[in-house]
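Colleague: Feature table excerpt (TrEMBL):
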DOMAIN    B:5-216  domain 'CobQ/CobB/MinD/ParA nucleotide binding'
BINDING   B:Lys11, B:Gly12, B:Gly13, B:Val14, B:Gly15, B:Lys16, B:Thr17, B:Thr18  ATP binding site
Amino acid sequence: MTEKQHITIKGVKEGLVFLLDDKCEFSQLLDELHYKLDTSHQQLLTGPLVHVHVKLGQRQASEEQKEQIVNTIRKRGNLLVQSVEAEPAVGEAAAKDELKMLTGIIRSGQTIEHTGHLLLMGDLNPGGTLLCTGDIYVLGSLRGMAHAGIGGRTDVIIAASQLKPTQLRIADVISRPPDEWITGDTLMEFAFLQDGQMKIDKLSGLFRIRRDPIVFKGV
Amino acid sequence: MGEAIVVTSGKGGVGKTTTSANLGTALALHGKKVCMVDTDIGLRNLDVVMGLENRIIYDLIDVAEGRCRLNQALVKDKRFDELYMLPAAQTKDKHDVSPEQVRDMVLELKKDYDFVIIDCPAGIEQGFRNAVAGADRAIVVTTPENAAVRDADRIIGLLEQSHIPALLVINRIRQSMVKSGEMLDIDEICQVLAIDLLGIVPDDEKVIKAANSGEPTVMDPSSRAAIAYRNIARRILGDKVPLMQLDDKAGMLQRFRKFLGIG
């Protein structure tokens, strides 16, 4: 093996950790695994029973591929595969900011939980719950309980065509309309946090707290 | 093959049993073969409202446990030849029968009857699951109160999960209170629940009187609630009947007063 090594074997307290490269071809990885197990690391891999943890890095391996890896390692009688894990992919981290569209009515007693931003095409009825790590947008009436930023994000908003909630929560801040705030008109409004307090504003005022660069064409 | 319709509401006391009794009777008035099933085991009421309490020999639990045949348990109505009722047991509770058993009974009844009207108990537990097990569609009864609408919403959610299409009946509307803004109005309720409206029933003292005398309200055409229930039955049969005008009745005198400028 003259080229770059794709497999690193580390000894830890629990046993051995196989760190597999996540960029190379899967077949290449498998070949190298065979090679290492059968020839180069003989002395290391014989002896008493050893627990093995396989770390795939960011590789999105299929169940079948995982199976292949496990079988290869298992050929050595003394190696016991405990886990095959992949790190959460970059794509998943990006999904946190992705907008999901959902059509339907969330009725009393129903709960929707979502990671990322959520656009609900329909109503959220009293007694219904909407939990979201990101923003919540409701194209319809928001009459139930909406909680944006359940992971603790404070820069998120809750917007609705008609904002008449039983309760709103953003991160740890809980607000109870109409005791705490009431606006005459409930159409096209959004809730946001400012200095740790929940505020309500017309949707047209959203550009004041977050503004996307818009490139205007023409004159 | 007939159709099984479950009458449900979630909240108690909104008029499920009254609606079941009147709808069943109204359909029988149209010459349909109807069987009403009371699934409120332990708290049976339908027989009382129909005035058939003293004719009960066997009940739903007896059928479920094989002590009698389904036909033996059916009680024939005293007014109509083609109106029957399967009474609930009063001594057992809702866990003594399973949804599968109720579904089998309803399926069997559907073979012989045009309509099987299932009266559902309040709540969302076993009793509810029993009642909806054999239903083809549902009538959700609510009253213009927030609590009743909330519970109706919950029930509609559960019915949607069971893929049972639901229609709405708003019961006990007091037009004077709606007008003064003390009671939810029909549009508001329909907006929240977002299902089709089957009918509206005005609050009418005659309903209470009728229930106590064991004579369904629909039999008395002078009652406004009776007309409302007849309309609902006609809509179920496929007729297009416009919604009842609620404030017509107090009309004449008030209109006259208004005309004179003192109303």
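Glycine too: its Cβ is placed from the backbone N, Cα and C atoms.
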Colleague: Show, in sequence order, which residues other than B:Lys11, B:Gly12, B:Gly13, B:Val14, B:Gly15, B:Lys16, B:Thr17, B:Thr18 on the same chain lie with their Cβ within 8 Å of the centre of the Cβ atoms of the ATP site.
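Modeller: Filtered neighbour residues, in order: B:Ser9, B:Thr19, B:Ala122, B:Val141, B:Asn171.
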Colleague: In the structure shown, which of the binding-site residues B:Gly12, B:Gly13, B:Gly15 has the fewest other Cβ atoms within 10 Å?
Modeller: B:Gly13
Colleague: Under a criterion of Cβ-Cβ distance under 8 Å and sequence separation of at least 6, what residues of the same chain contact B:Lys16 (ATP binding site)?
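Modeller: Listed in sequence order, they are B:Val7, B:Thr8, B:Ser9, B:Asp119, B:Cys120, B:Ala122, B:Val141.
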Colleague: Including all protein chains displayed, how many Cβ atoms other than that of B:Thr18 (ATP binding site) lie within 10 Å of its Cβ?
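Modeller: The answer is 26 other Cβ atoms.
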Colleague: Mean pLDDT across the domain 'CobQ/CobB/MinD/ParA nucleotide binding' (B:5-216), rounded to an integer, is what?
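Modeller: So the average pLDDT across the domain 'CobQ/CobB/MinD/ParA nucleotide binding' (B:5-216) works out to 95.
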Colleague: Report the same-chain neighbours of B:Val14 (ATP binding site): residues 6+ apart in sequence with Cβ closer than 8 Å to its Cβ, ordered by sequence.
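Modeller: Spatial neighbours, sequence-distant, of B:Val14 (ATP binding site): B:Val141, B:Thr142, B:Thr143, B:Ala148, B:Asn171, B:Arg172.
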Colleague: Among B:Lys11, B:Thr17, all listed as binding-site residues, which has the most CB atoms within 10 Å of its CB?
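Modeller: The most densely surrounded of these binding-site residues is B:Thr17.
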